[in-house]
Amino acid sequence: VSCEDCPDHCSTQKARAKCDNDKCVCEPI
């Protein structure tokens, strides 16, 4: 998942979107 789509991608998992080296990382809230 790209950084651009990260917020939407993570919100479905109720997680926080973070960008690491242009990769999407979801952090549990």
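Cβ atoms are placed via backbone N, Cα and C, with glycine included.
Note that the coordinates shown come from a computational prediction; the quantities given were computed from them, not determined experimentally.
For C3-C19, C6-C24, C10-C26, the entry in Swiss-Prot reads disulfide bond.
The structure, with features from Swiss-Prot marked on it.
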residue: C3; record: disulfide bond; CB count, 10 Å: 15
residue: C6; record: disulfide bond; CB count, 10 Å: 20
residue: C10; record: disulfide bond; CB count, 10 Å: 20
residue: C19; record: disulfide bond; CB count, 10 Å: 12
residue: C24; record: disulfide bond; CB count, 10 Å: 18
residue: C26; record: disulfide bond; CB count, 10 Å: 18
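Note: the Cα of C3 (disulfide bond) and the Cα of C24 (disulfide bond) are spaced 5 Å from each other. You'll find the Cα of C10 (disulfide bond) roughly 9 Å from the Cα of C24 (disulfide bond). C6 (disulfide bond) sits 8 Å from C19 (disulfide bond), taking the C-alpha atoms as the reference points. In the three-state DSSP scheme, C26 (disulfide bond) falls into the strand class. DSSP assigns C3 (disulfide bond) to coil in the three-state reduction, outside any helix or strand. Classification of C19 (disulfide bond) by DSSP places it within a strand. Straight-line distance linking the Cα atoms of C26 (disulfide bond) and C19 (disulfide bond), rounded to a whole number, equals 9 Å.
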